[in-house]
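Undergrad: Pulled from TrEMBL, these are the listed features:
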- ASN106, HIS111, GLU116: oxalate binding site (BINDING)
- HIS109, HIS111, GLU116, HIS158: Mn(2+) binding site (BINDING)
- CYS30-CYS47: disulfide bond (DISULFID)
- 61-212: domain 'Cupin type-1' (DOMAIN)
- 1-20: signal peptide (SIGNAL)
Amino acid sequence: MKFLPISFFILALATAIALAYDPSPLQDICVATNNLDSGVFVNGRFCKDPNQATADDFLFMGLRNPGNTANPLGSKVTPAFVNQFPGVNTLGVSMARIDFAPGGLNPPHLHPRGSEVQFVAEGMLLAGFVTSNQLNNTFFTKVLYKGDVFAFPIGLIHFQLNIGNTYALAFSSFSSQNPGIITVANAVFGAKPPISVDVLTKAFQLDKKVVDYLQAQFWYDNN
Ligand code: GLV
Ligand code: MN
């Protein structure tokens, strides 16, 4: 009986160690420094004095207006992430509005720090995501109608295409205040400085001419 408290303590300690994991990053990079003068961000943003906060800090009106879809993709993502909407700092949530012209595409992209759920407010979208190699790059796809909601798991490549004849509108919520957006084509073929042609010809099984062509394109960023 007298060993019970100590065994309980060891068990609790083991459980705590087993459950411990690193906090998820809220930014792309955070290089460690010992120089306190140049150390700026750890994670997220500094907090305003709570006594100075007002209701306005928790209101974002930037999703009221349609984004301009007169661009090469025919779509526009208007983010309400922590950079646009400071009130969500530390809350682990954010939103976006996505406008689509007929035929408009929100091109294959991923969010490195958040899952997404998307609500279709107008129109009809073809949406899909591709799993990692854990599930052999399986493609999950659906046609979404007004009122539907579709989920895109964190870190998986996904897209939406307006397959209707009318304008389409969607609103998304994210499980991060700063989910990030990596647009696949832009990141691969529009990287600055460019990724070596040798890497891309082999990786994508393309002729060097095709890689040169792709790297010379202007990769429009719709967000
Ligand atoms: C935005 O990130 C979207 O997938 O619509
Ligand atoms: Mn997305």
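All residue numbers here begin at 1 and follow the chain in the order shown.
Every residue, even glycine, has its Cβ placed from backbone N, Cα and C.
From a predicted model like this one, the values you see are computed outputs, not experimental measurements.
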Undergrad: I need the nearest neighbour of ASN106 (oxalate binding site) among the recorded positions CYS30, CYS47, HIS158, using C-alpha distances.
TA: HIS158
Undergrad: If you average per-residue pLDDT over the domain 'Cupin type-1' (61-212), what number do you get?
TA: 97
Undergrad: If I take the alpha carbons of GLU116 (oxalate binding site) and HIS158 (Mn(2+) binding site), what is the distance between them in whole Å?
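TA: Distance between the two Cα atoms comes out at 10 Å.
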Undergrad: Distance between HIS109 (Mn(2+) binding site) and CYS30 (disulfide bond) at the Cα atoms, whole Å?
TA: 22
Undergrad: Output: those recorded positions from CYS30, CYS47, ASN106 whose CB lies less than 6 Å from an atom of ligand 1, in sequence order; none if no residue fits.
TA: ASN106
Undergrad: Starting from the Cβ centroid of HIS109, HIS111, GLU116, HIS158, the recorded Mn(2+) site, name every other residue in that chain with its Cβ within 8 Å, sequence order please.
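TA: Result: LEU110, PHE129, PHE152, LEU156, ILE157, PRO179, ILE181.
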Undergrad: So, three-state DSSP: helix, strand or coil for HIS109 (Mn(2+) binding site)?
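TA: Note: HIS109 (Mn(2+) binding site) is in a strand by DSSP.
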Undergrad: Check GLU116 (oxalate binding site) against DSSP and tell me helix, strand or coil, would you?
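TA: Going by the DSSP assignment, GLU116 (oxalate binding site) falls within a strand, counted as strand.
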